[in-house]
Amino acid sequence: MSLVSEAIWAASPTTTRGQPTPLSSDPKGERIAYASGKSIFLRSIDDAAVSKQYTQHTTQTTVARFSPSGFYVASGDVSGTVRVWDCAGEGATKGEYHIIAGRINDLAWDGDSQRIIAVGDGKERFGHCITADSGNSVGEISGHSSQINCVSIRQQRPLRAATGSDDTSLVFYHGAPFKFNTSLRGQHNRFVFGTAFSPDGSVFASVGADKRIWLYDGKTGEAKGQIGEGAHTGSIFGISWAKDSNRFVTASADQTVRVWDPEAGKAIQTWRMGEEGVASVPDQQVGVVWPAGRSDGLIVSVDLEGNLNYLVHGNPKPTRVVRGHQKNITAATISGSTFATGSYEGRVLAWNTATGLAEKVDGASHSSYVAGIAASAGKSKAELYTVGWDDTLRSIAVPDKIFTGEASDLQFQPKGIATTSDIVLVPSSDSIAVFSEGARVSSLSVKYGPTSIAAHGSTVAVGGDDKLVHIYTLSGPELKDTETVLRRATAPISALAFSASGEKLAVGTGNGKIYAYEATADWKIITDRWSAHTARITCLAWDESERYAASGSLDTNVMVWSTEDPGKRIKALNAHKDGVTGVAWEKAANVISAGGDASIKVWSMKV
């Protein structure tokens, strides 16, 4: 048996306020590439639930660009490393090159897919030009006095390149090898954020924080004129040309994306995101790409929240918005066909397990770290409960994807959450609080530090930092201590899960071992041999048959264990960079996992 990757529901692009977020599309217009966390995602445009993840970077990634041939991707990170890798096959790395001593802000390929110019914020230089296959130097990037934000290479001969910088100037290069030709000063008076040659090489355009758009001759580099003065009212972060070179699109912090006709010098279509007349920071448009090779003229823009907006000519609103997490997922659970996830910055999303697409849960969400999500087993309408480090308990109506009612103030930092019938249990560092219908009904002080909690029926199991699992019973809203403790563990308890019938309890510990117990009066141990993880167990889940349990750990692996053959396990190694934080079973043989790379993966058990 083995765990086979069925799908990757990708993370959203990482965005930074006041900085451009580069998007790139492949020559056929089928996929877009972007940086998220320490990964690069290649995502299908038409089926956003299909994606590929490249995880070989060791630091935060910043930019990814498809080669014009469509076979390779070059990607850069904050340490100044550029990696060239195969995007058509298995994703093998072709080369790793250290360019500058600092963040790579942008990179560009030449028309032969042979040379790459990478630019950024270095110490002794702000960019370099190399060959893609060997990293040999083919020219130098000079003439700027502060970090370079953008670069573009003319795709025809004679080769030309342009870079734009925080020093407000552009530099025009002749190639190859690329050499300084002219410095273009006076067009922009603030940071230059974007530059792009038209696909036919006749002109190039630059945009920046001064809200201006300038056009230049593609061969000589001389400035031809400015267009659209006063149209954008915020910094322009991105520019991308249509494949016919007759139009280009810009994205700006004024929440608009505009299509321009450079000949007429005016905007021919404008999309504004967010509510009319309301300034909304998350709706600032920080990147845009006009994928070549498509017949429908689709434009994809990214906003500060990381949402991908699909824009089509003639349609004033995005035809679809693809959402995801930008920060590591910290909590997850499944309720019917909805997989709910909460992340580090408080965003809660509801994923449809059939389509693999996320919807944002509307209403008043958590303002920081989501510490736990639990599906309610009761009859009440709210079907999910969440706790966060803003010290609140909130409820979500699953069909409506909306936070309901008032948030309950916990007055402590929650360590987890469990639900049983209409009761919600939330442990703090020294007690267990019992909530019913959003109000605290009782609380039980304990002498140890609770770390995790699980409940089924009237039985409540609480894991402690004293390496014991303490068993309680609920009588009405009151918790009663049964004096029963499960003593097998050799490290603090870190995860607990009851099976669907409540007959089995899985216990995960801080040193990576898992124990399974029968949840009967004598708490007989089923197995203590589930020990292949090398770091803290973060999450556990039983399948419907209760023969298998899935586990996720800080060691990045997802494993499935069997009660019938405890010595055997099937595993998905390196499932999530930075650790696995949630697992759940969907249908009989699919495991869904969420992790520190902000993505969600679906695995199927193949015999």
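Start at 1 and count along the chain as shown; that gives each residue its number.
Placed from the backbone N, Cα and C atoms, the Cβ positions cover glycine too.
Lifted from TrEMBL, the feature list:
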REPEAT    54-86  repeat 'WD'
REPEAT    185-226  repeat 'WD'
REPEAT    229-270  repeat 'WD'
REPEAT    530-564  repeat 'WD'
REPEAT    573-607  repeat 'WD'
Same-chain residues at least 6 beyond the ends of the repeat 'WD' (573-607) whose Cβ lies under 8 Å from its Cβ atoms
1-12, 36-39, 41, 53, 55, 324-334, 337, 339, 341, 343, 351, 353, 356, 535, 538-545, 548, 550-558, 560
Determine how many residues of the repeat 'WD' (229-270) DSSP places in helix, in strand and in coil.
0 helix, 22 strand, 20 coil
As a quick check of your reading of DSSP, tell me how many residues in the repeat 'WD' (185-226) are helical, how many are strand and how many are coil.
0 helix, 21 strand, 21 coil
By DSSP, what is the split of the repeat 'WD' (573-607) into helix, strand and coil residues?
0 helix, 20 strand, 15 coil
